[in-house]
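Pulled from TrEMBL:
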DOMAIN    48-444  domain 'Ammonium transporter AmtB-like'
TRANSMEM  51-71  transmembrane segment
TRANSMEM  78-99  transmembrane segment
TRANSMEM  139-160  transmembrane segment
TRANSMEM  167-188  transmembrane segment
TRANSMEM  208-227  transmembrane segment
TRANSMEM  239-256  transmembrane segment
TRANSMEM  268-287  transmembrane segment
TRANSMEM  299-319  transmembrane segment
TRANSMEM  325-343  transmembrane segment
TRANSMEM  355-380  transmembrane segment
TRANSMEM  392-414  transmembrane segment
Amino acid sequence: MKKGARRHRFYGFSKLGVFGLVFFGTLMGIPLAEAGTSTPSFNSGDTAWMLTSTALVLLMTVPGLALFYAGMVRKKNVLATAAQSFAVTALISVLWMIVGYSLSFTSGNAFMGGLDRLFLNGLGLDSVSSLAPTIPESVYMTFQMTFAIITPALIVGAFAERMKFSALLWFSGLWSLLVYAPIAHMVWGPGGWLGADGVLDYAGGTVVHINAGVAGLVAALVMGKRVGYKHDAMHPNNLMYTLIGASLLWVGWFGFNAGSAVAASDRAGMALAVTQIATAVAALAWMFAEWAARGKPTVLGMTSGAVAGLVAITPASGFVGPMGALWIGIAAGVICFWASVYLKNWMGYDDSLDAFGVHAMGGIVGALLTGVFAVKAIGGTAGVLEGNTGQLLIQATGVGVTIVYDAIVSFIILKAIDWTLGLRVKEEQEREGLDITQHGEQVYE
């Protein structure tokens, strides 16, 4: 069958699927709320904190990540790169409402949630999740939505400057449902396999960062290198955008980590403190490593180090104390610098904005070291330093399962899209720039 015919069949099937899904939701006669036998008593302090945390985490993607990535690409791709984060935010919000939340956070089996909250069926003013009993479920659902939003947005950094906008939308949507939702359920959902086995991931080291980074590496390998890679100058267009974006990420991350306590509590306070410590020391560690290796500390290096520290402390933030955060930050800064500079060059892949080097490697460092530095008095589970040597193996199992499942399913999704829509823009479009060829707009004349 010719490729054009395959695409025609794909478009027809996709339209039918979308209209069918909407029609099915309409026929369900979904109520806005279900009358409960009693009205739960929510904690106003917890609710206020979670409303704030939700806004902070959304701030991480728009405009934080959008600016962070947009500053690192070439002038001809600034708008296209920022638009990807913005579009992913809108797309995943809708998918999360339709089915993503239900697949991730309702009871199903050990690998996937059920359909109890399809189209948010039954979600009312007095609805409460067993995972967050002191706040309205609507707040918890939206808080988790912001995590689902930023994860595919992070992947954009790996294939920046060469993926079709249409392919991006299909990949982000399918990946969110087929990769993010199962991993989120396995780690955080009721009855999830990895969580039940004792894997510690407080705020998304495996669910968000390893998941995004590994998918990014697979995408970079499947799509191939940018035109002119290693030959043409590919300098960042505006590092002030990147600095502002990194600063917004840093501030927003307090909602990410401290918000994962789902309460205005002492544990949230410790998560906030260790997040600040790990981020600061990782920024310094990357800066000094780069200074020693290349002779000068760079703004790009400092901001990348800060993000690496934020990533690494994410799984550990509710389980470790200040000294654990210090060592996690040092390890993240040095290892992520090595991965983003030397490992990438040695392996020869084109991870445009180091999604794998920072997020996958930082997530792996953080997940494993959580098993080393976990303090029972903080998170209820001891780590290796407190005599629980088995926790490191449990953490490694969570890392391994995430990597293998993510890599396989991401590869299948990418190949399916390439076979139908095509993943990559034409060479002449790539040379002209995605701002003009994909959106008909540009920042720089």
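We count from 1, first residue shown onward.
Every residue gets a Cβ built from N, Cα and C, even glycine.
Quick caveat, the model's predicted, so the values are computed rather than measured.
Below 8 angstroms of C-beta separation, residues 49, 202-203, 250, 253-254, 257-261, 297, 301-306, 308-310, 312-313, 316-318, 320-322, 324-326, 328-330, 332-334, 336-337, 378 of the same chain, each at least six residues beyond the ends of the transmembrane segment (268-287), sit close to that stretch. Distant neighbours of the transmembrane segment (208-227): 147, 150-152, 154-155, 157-159, 161-163, 171, 175, 179-180, 183, 234, 311, 314, 349-352, 355-364, 366-367, 399, 402-403, 406-407, 410-411, 414-415, 418, 423-424, 427, 430-431; these residues of the same chain sit at least 6 beyond its ends, with a Cβ under 8 Å from one of its Cβ atoms. With a threshold of 8 Å between CB atoms, the same-chain residues lying at least 6 positions outside the transmembrane segment (239-256) that come near it are 52-60, 63-72, 78, 147, 203-204, 272, 275, 279, 299-300, 303, 306-307, 310, 314. Nonlocal intrachain contacts for the transmembrane segment (355-380), taken as residues 6+ away from its ends with a CB within less than 8 angstroms of a stretch CB, comprise 154-158, 200-202, 205-206, 208-214, 216-217, 220, 267, 270, 304, 307-309, 311-316, 318-321, 323-324, 327-328, 331-332, 335-336, 339-341, 343-344, 349, 386, 388, 391-396, 398-399. Same-chain neighbours of the transmembrane segment (299-319): 68, 72, 200-206, 208-209, 236, 239, 242-243, 246, 249-250, 253, 256-258, 260-261, 267, 270-271, 274-275, 277-287, 290, 325, 328-329, 331-333, 336-337, 340, 354, 358-359, 361-363, 365-367, 369-370, 373-375, 378-379, 381, 383, counting only residues six or more beyond its ends whose CB sits under 8 Å from a CB of the stretch.
Mean pLDDT for the domain 'Ammonium transporter AmtB-like' (48-444) in this predicted model: 98.
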